[in-house]
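Here is the structure we will look at.
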Amino acid sequence: MTDATSAPGAASIPGDVSAAEPRARSRRRFRPNGSVIVMALYLLFLMLPIYWLLNMSLKTNAEILSGFSMWPRNLTLANYEKILTDPSWYMGYVNSIIYVTMNTAISIAVALPAAYAFSRYSFMGDKHLFFWLLTNRMAPPAVFALPFFQLYSSVGLFDTHIAVALAHTLFNVPLAVWILEGFMRGVPREIDETAYIDGYSFPKFFVKIFMPLIASGIGVAAFFCFMFSWVELLLSRTLTSVDAKPIAATMTRTVSASGLDWGVLAAAGVLTILPGALVIWFVRNYIAKGFALGRV
Amino acid sequence: MNKTVNQKAWFLVLPVLILVGFSAVIPLMTVVNYSVQDTFGNNVFFWAGLDWFRDMLESERMWNALGRQLVFSGIILAIEVPLGIFVALNMPKKGFWASFCLVLMSLPLLIPWNVVGTIWQIFGRVDIGLLGYTLAKLGVNYNYTQNVIDAWATVIVMDVWHWTSLVALLAYAGLQSIPDAYYQAAKIDQASRWKVFRFIELPKMAGVLMIAILLRFMDSFMIYTEPFVVTGGGPGNATTFLSIDLVKMALGQFDLGPAAAFSLMYFLVILLISWVFYTVMTNLDKRDGV
């Protein structure tokens, strides 16, 4: 209303509007309004199931089955202790971490030069190739489960970490290429050209100058490779039996067995959330970008 | 960006080509191979032509799975997209609380899919789960392992819980890119809240929102782990989606021919959606003029 009345003096409008702005913002911060309530409800909805898992992981199995309580009456770490001392449990984590790390290293290593090529040069079939990579990111793991099983069995890699690591490159390499390309296109080409004029060779330029420039992009790509390999179950379960069995498979096999130990299962679940939860603060501004393949 | 033509760039792409070729093309060829052959066991195969494809196209089982899949994807999109936009509109714009919301909202996205299943499996149990227990106390006859409606509700709420944040985060990223001047102009014009949304926020979000919708459609179309852990595809076949059915066929019953034909048709659908996705992405890149 005030804006409209002061409209004739065009120059005064921006001043008016921006003066109204901080007032609106401080009200949003200090008085509970609609937005705060909506966000509180939504976050409550997100956190409740996770809280419940944490709650159960801190109870003994007897307490879980004997009665219902919102928080653990006899706080116990016995479930975590069991996981961290029993090899059949903790080896699941070790196996997962081994193949996930291998996969991340392989994916980033091959994706870096490819992403550079896509972001800087046009060459025969580049668009088709880029699209083909995307289709592999989108490929349903269920389609590949059986052929992977046969492929890796026939070359004698079944139940090894490298088999799972290679299988996961199916979707992680395309993911890394797309994310890195998204970051690289933000780096001006003049930098490349200046470096070449200064007499840098391509490998030297790439490692010494270019990689530090897109360090955050590499971090984000690595994080997403890690994450997608960490959360995947179908392929890692199909390709392993004993020696490389991932934690996810250990958990599902416990579920199917009789005599469930809910407390231990919940504790195992909490431990699988940890890696994501630990780094989440550092990647918070890149989550959307990573999921959208570097395109936001 | 006008890129220089350089055919040598192929050498930079070569490692990716070899690696992904190994893990994508060879397995896919295996699938093609199985889809046109039949066997009586002992690794003796003979040519079956397109019989498996014909069988699968006539098979009620596949059409039912596809139907369930489409209904599922439709429902979760109908819930997650509006809810995600709504949440994004209500998120704090900057400061500590914005980061706080971002972190908490991202958490479900980073949980291993089978743990998502486990969480909801526990959460929904009538004896020990908060949700199931509360519903039972309220007098609702809730049992996701027996009742079809309950199983569907659980799987859908689980997916909403798991992935709405993704839509919200993408929409939020779209909103962040709107300059303040737009809102000021709207204020001068005395535009209503709805008009601000309809004519400023929605068009600016359209690009990222399209990405979000396609990603959600694609990922829900291949969903396997979460419903598998919670319901195992049951009760009966009520929550047996395409991927679950395919794995059952290929690894459970070892029906290689039909499973392979099924796989290829499944893959073709994915290919089609990928193409739409790619077109959207490249158009978006062009519009941004990068």
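Note that Cβ sites are derived from N, Cα and C of the backbone, with glycine treated the same way.
TrEMBL: automatically predicted annotations, no manual curation.
Since this is a predicted model, take the numbers as computed values, not measurements.
Summarising the annotation, TrEMBL assigns region 'Disordered' to A:1-20.
Annotation source TrEMBL lists transmembrane segment at A:33-54 (among others).
Taken from TrEMBL, the feature domain 'ABC transmembrane type-1' covers A:93-283.
Within the same chain, residues 126, 130, 161-162, 164-166, 168-169, 172-173, 175-178, 180-181, 184, 206, 210-211, 218, 221-222, 225-226, 229-230, 236, 244, 246 sit at least 6 positions outside the transmembrane segment (A:97-118) and bring their C-beta atoms closer than 8 Å to a C-beta of that stretch. Positions annotated as transmembrane segment by TrEMBL: A:97-118 (among others).
The list of residues near the transmembrane segment (A:130-149) in space but at least 6 beyond its ends in sequence, with Cβ under 8 angstroms from a Cβ of it, reads 118, 158, 167, 170-171, 173-175, 177-178, 232, 234-235, 238-239, 293. If you look up TrEMBL, you'll see A:130-149 (among others) marked as transmembrane segment.
The feature transmembrane segment is assigned by TrEMBL to A:161-184 (among others).
Counting only same-chain residues 6+ beyond the ends of the transmembrane segment (A:205-231), those with a CB under 8 A from a CB of the stretch are 96, 99-101, 103-104, 107-108, 111-113, 116, 165, 168, 171-172, 175-176, 179-180, 182-184, 187, 191-192, 195-196, 272, 275-276, 279, 282-283, 286, 289-291, 294. As annotated by TrEMBL, transmembrane segment applies to A:205-231 (among others).
According to TrEMBL, the feature transmembrane segment maps to A:262-283 (among others).
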